[in-house]
Amino acid sequence: MTGTPLPSPPPARLHLSAHGHTLPLHDIATTRGVEQHHMALLPAHALMQRAGLAVARVALAVAPHAQTIWIACGPGNNGGDGLQAGAWLQAQGKQVLATLLQQPEALPADARAAYADAVAAGVSFVDRAPPLLAHDLCIDALLGIGASRAPSAAMQACITAMQQVPCQTLAVDIPTGLHAETGHWLEGASAAQCVHANHTVTLLTLKPGLFTAHGRDASGQVWFDGLGTTASPAPDAASATAWLQGADFKAVPRLPESPPAYASHKGSFGDVCIVGGAPGMTGAAWLAGSAALHVGAGRVYVGHLAADAGNAWAELMPRALPDVAALEHLPLTSATTACGCGGGTVIADFLPALLDQCPRLVIDADGLNAVAADAGLQALLRKRASRQQWTILTPHPLEAARLLGLGAQEVQTDRMTAAAALATQFQCMVVLKGSGSVCAAPALHTEPAPASSGCFMALAEQYEPEPVTPLPTVHYSGNARLATAGTGDVLAGCMAACWAQAHQANPGASGMETALHAANAAVQLHGHTANIWNYGTTLTASVLAALLPRYSG
């Protein structure tokens with residue numbers, strides 16, 4: 001067998017930084033169900049053989065010249081996948097060294113079979129990690145998706161060795177120490193106790209934890225193999241528990257479904273109002289307005305709370321807001337509004353009127369802090385959906401924590417649950433910002449199908465349509481270049497402009513669905529713009545705002 005090509009197609013490398021499709025994500029329970037489905041259709045041990053083959057193929061792809069490969073194998077089936085990969089790699093003429101942290105007779109049945117295959121192939125077993133320069137590739141097969149606690153002391157010794165070696169590390173299914181659903185470190189673990197892989201080959205399903213919280217830093221380049229055949233299908237959208245949005249998503253252009261009509265005018269592209277810019281923070285409001293203008297809003301009004309705000313952009317229409325009554329100078333009842341950008345504490349005085357008048361409202365930054373501190377504002381916010389007034393909240397983890405009455409660490413521990421809780425509590429769209437930003441929505445009440453005759457109409461009227469909760473979306477776009485002052489204000493303005501244009505293009509569409517689409521579009525455009533900034537210098541918020549139209553469709 002030595003030197004013969006490995007059978008079956010190779011795993012797919014997920015070029016998510018340029019992926020134009022929405023991909024299904026699956027939680028642990030769903031993944032277990034998919035695994036059982038495959039195992040019922042395949043001969044005994046066949047699924048693990050496929051998993052090991054997938055790992056071996058990725059190992060050869062990422063380190064084609066590696067001659068000595070060390071595999072750290074845990075006590076469960078993740079370790080079995082590693083052992084099976086070792087058998088395949090040994091058969092390819094590689095020198096495979098395996099550290100097995102379990103007595104072979106105590107392994108699960110499939111892993112025992114993989115151990116036998118590894119022994120038969122000539123894999124060498126070592127009690128501990130080889131010397132630092134003794135191998136050309138590390139494979140982490142210590143813990144899989146079933147892990148819920150920090151790695152053991154023996155595993156930690158292997159992890160420490162992986163962190164010190166100069167060669168690449170490939171993780172099997174999920175980097176050891178990372179929670180497969182949340183992307184947070186396992187209970188009791190810290191970053192230093194977890195694997196930070198250069199590559200991860202994930203099997204059967206894409207796990208949400210690879211793409212949010214610490215997942216992107218821990219996983220490196222993600223590869224995927226569904227291990228499926230025509231008789232044993234891979235999971236599809238019907239079983240998804242969340243979505244992953246790749247970074248080549250086209251945000252809302254001036255008219256979402258078609259090029260602008262020649263007879264268009266500035267009113268064709270929607271109006272945006274920005275309310276913020278308290279003394280000392282006027283730049284936040286101007287940045288939001290600039291972003292809205294660059295993304296394509298027809299008219300942008302900036303209502304500034306500082307008396308000396310000036311006018312940073314000639315195309316923006318400033319309106320001084322010395323008091324709440326001055327809001328009458330803004331077209332709040334017809335425009336899409338973003339508030340809170342540099343609003344300081346004074347924005348709280350304006351929020352009751354904004355919550356009452358604005359049909360489409362993005363609440364950011366100080367606006368969120370004001371809502372978190374005032375039960376009355378929270379009540380007004382919750383009432384908006386019942387009046388067909390729609391809201392998008394854009395908190396970072398600390399702002400989300402204040403709204404939920406939690407600590408920021410609790411929010412980060414399970415970002416998708418936190419985003420969904422905010423959406424349900426306030427009946428709003430929610431964008432929980434951070435690595436792998438999460439967009440969540442409350443339950444949507446679907447419209448019943450029209451009935452054609454009297455008795456059926458009477459029957460239909462007895463039943464409320466079932467509410468449907470959209471699945472959360474995890475966004476792969478964005479990077480640390482966005483960790484600078486003002487980029488959140490740019491996102492708020494971008495979101496308002498996307499929303500204004502979507503509403504203007506199709507005013508009869510569901511308000512909540514339009515809001516959700518606009519939120520996802522803005523997050524993707526904002527992050528993608530940062531992804532392709534390649535000038536080697538700091539990406540400032542004003543430059544980010546100016547770059548947005550280049551990638552808006």
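Cβ coordinates come from backbone N, Cα and C, glycine included.
When TrEMBL records Lys433, Gly434, Ser435, Gly436, Ser437 as binding AMP, the matching candidate from Gly367, Gly376, Gly488, Gly493 it lists for that site is Gly488. Binding of K(+) is attributed by TrEMBL to Asn78, Thr176, and the same site annotation extends, among Asp110, Asp140, to Asp140. The separation of Thr176 (K(+) binding site) from Ser148 ((6S)-NADPHX binding site), Cα to Cα, is 11 Å.
Sitting within 8 Å of the Cβ centre of Asn78, Asp140, Thr176, and not among those site residues for K(+), are the Cβ atoms of Ala72, Gly74, Gly79, Gly82, Ala141, Leu142, Leu143, Gly144, Ala171, Val172, Asp173, Ile174, Pro175, Val195. Proximity to Thr176 (K(+) binding site), judged by a C-alpha distance within 10 Å, picks out Ile145 from the binding-site residues Gly80, Ile145, His396, Ser437, Gly488. For Ile145 ((6S)-NADPHX binding site), the same-chain residues that are 6 or more apart in sequence and have a Cβ closer than 8 Å to its Cβ are Ile28, Thr31, Asp173, Ile174, Ala180, Lys207.
Gly488 (AMP binding site) sits 40 Å from Asn78 (K(+) binding site), taking the CA atoms of both as reference points.
In this structure the alpha carbons, written CA, of Ser435 (AMP binding site) and Gly80 ((6S)-NADPHX binding site) are 31 Å apart.
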